[in-house]
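> Would you mind keeping the following structure in view while I ask a few things?
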Amino acid sequence: MCLSHLENMPLSHSRTQGAQRSSWKLWLFCSIVMLLFLCSFSWLIFIFLQLETAKEPCMAKFGPLPSKWQMASSEPPCVNKVSDWKLEILQNGLYLIYGQVAPNANYNDVAPFEVRLYKNKDMIQTLTNKSKIQNVGGTYELHVGDTIDLIFNSEHQVLKNNTYWGIILLANPQFIS
């Protein structure tokens, strides 16, 4: 065999070594990507498990007629009735406040039509349109001792047979401090 003939021969040995090297790098890259994906997915599951849904339904509703509080019996209770249109929060959590206010079209007193939703002493929503039925409420993070109050300028401004409001405990956050 002559030397020129050896120079033209393919060196298959070096090609397989390069192929093995690139296959090893690809395997390492895929493994790292999968590991990062699993870590991210596990972290998301951990975060969502921290926001625990309420175990028992905890809700309260006032009105329409008869105008009295209707409360779901849950242990421990999440709210306490303070007065007809006022509640005290007994459990930290994420709450849905909902309601409907029906204006009285026959109301002709000097006080302007205004319905206010308060959290403690802070007004969180105001309704002033007396021409149509309006919805009140939203989702709020509330803490033990907070009070929620629905106030009218005059009790005669609304039709009590079509006005109500309520609250539902959606979730108890269990965040680590």
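Here the Cβ of each residue, glycine as well, is placed from N, Cα and C on the backbone.
It should be emphasised that the depicted structure is a prediction, and the values quoted were computed from it without experimental measurement.
Below are the features I grabbed from Swiss-Prot:
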type	residues	note
DISULFID	CYS58-CYS78	disulfide bond
DOMAIN	47-170	domain 'THD'
CARBOHYD	ASN129	N-linked glycosylation site
CARBOHYD	ASN161	N-linked glycosylation site
TOPO_DOM	1-27	topological domain 'Cytoplasmic'
TOPO_DOM	49-177	topological domain 'Extracellular'
TRANSMEM	28-48	transmembrane segment
> Using DSSP, how many residues of the topological domain 'Extracellular' (49-177) fall into helix, strand and coil, respectively?
8 helix, 66 strand, 55 coil
> I'm trying to understand the geometry here, so how far is the Cα atom of ASN129 (N-linked glycosylation site) from the Cα atom of ASN161 (N-linked glycosylation site), in Å to the nearest whole number?
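That comes out at 19 Å between the alpha carbons.
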> From the Cα of ASN161 (N-linked glycosylation site) across to the Cα of CYS58 (disulfide bond), what is the distance in angstrom?
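Counting only the Cα atoms, the answer is 24 Å.
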> Can you give me the Cα-Cα distance between ASN161 (N-linked glycosylation site) and CYS78 (disulfide bond) in Å, rounded to a whole number?
26
> Taking the domain 'THD' (47-170) alone, what is its mean pLDDT?
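That region's mean pLDDT is 85.
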> Hey, what's the Cβ neighbour count for CYS58 (disulfide bond) at 10 Å?
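That number is 24.
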